[in-house]
Amino acid sequence: MGFREKLKLYVITDRRLKPEVKSVRQALEGGATSIQLRIKDASTKEMYEVGKEIRRLTQEYDALFFVDDRIDVALAVNADGVQLGPEDMPIEVAREIAPNLIIGASVYSLEEALEAEKKGADYLGAGSVFPTKTKRDVRVIRIEGLREIVEAVSIPVVAIGGINVENVKQVLSAGVDGIAVVSAVMGASDVKKATEELRKIIEEVLG
């Protein structure tokens with residue numbers, strides 16, 4: 001499975017919903033192809049310890065592993081990449097610091113998408129496709145905005161924001177390479193089953 005294909009089901013951790021390591025294992029068992037460690041309120045040491053465990057699991061399941069924002073932690077745990085938002089380290093600086101990391105850019109408009117591609121992002125996390133409880137005050141681009149981004153860039157696009165089993169087919173119809181989810185998996189009573197259900201639909205649409 002190549003890099004682009006490994007973006008098809010991208011699961012993001014949220015400790016408000018589930019503890020990271022156990023839920024990541026369950027998501028990987030269910031067919032997650034990428035994992036992102038997102039912790040906003042932990043010490044660097046804790047992020048490192050959790051990151052090491054997730055790195056081990058993602059290697060075991062041949063999945064990609066990304067760390068949100070923290071390039072230092074990504075390098076320390078030998079992650080595959082880092083996800084950077086508009087308020088994080090600039091893409092071109094991150095590339096200088098960590099030339100071998102895959103850099104994902106979170107974008108919320110067509111202009112931001114084009115700028116991120118120009119600056120050297122390897123893939124885009126584009127959203128929010130729908131309103132979401134995970135992030136407040138987020139811009140909603142809907143399917144139309146998502147499709148505009150997909151058609152304008154040549155790098156892979158992963159859709160994010162309010163995606164679940166009910167709307168995933170609609171999202172995939174925009175031509176994205178994959179979907180990123182938080183609550184659709186981490187908020188489920190059965191993480192493995194929720195991941196399996198999403199993966200099944202993705203395989204039906206993307207193959």
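Just so you know, glycine gets a Cβ as well, placed from its N, Cα and C.
Together with GLN36, LEU37, ARG38, ILE39, LYS40, SER106, LYS135, Swiss-Prot lists one candidate of ASP62, ASP68, ASP80 for binding 4-amino-2-methyl-5-(diphosphooxymethyl)pyrimidine, that being ASP68. Looking only at Cα atoms, ASP88 (Mg(2+) binding site) sits nearest to ASP68 among the binding-site residues LEU37, LYS40, ASP68. Cβ-based neighbour count (10 Å, all protein chains) for ILE39 (4-amino-2-methyl-5-(diphosphooxymethyl)pyrimidine binding site) stands at 19. Ranking the binding-site residues ARG38, LYS40, LYS135 by how many other Cβ atoms lie within 10 angstroms of each Cβ puts LYS40 at the bottom.
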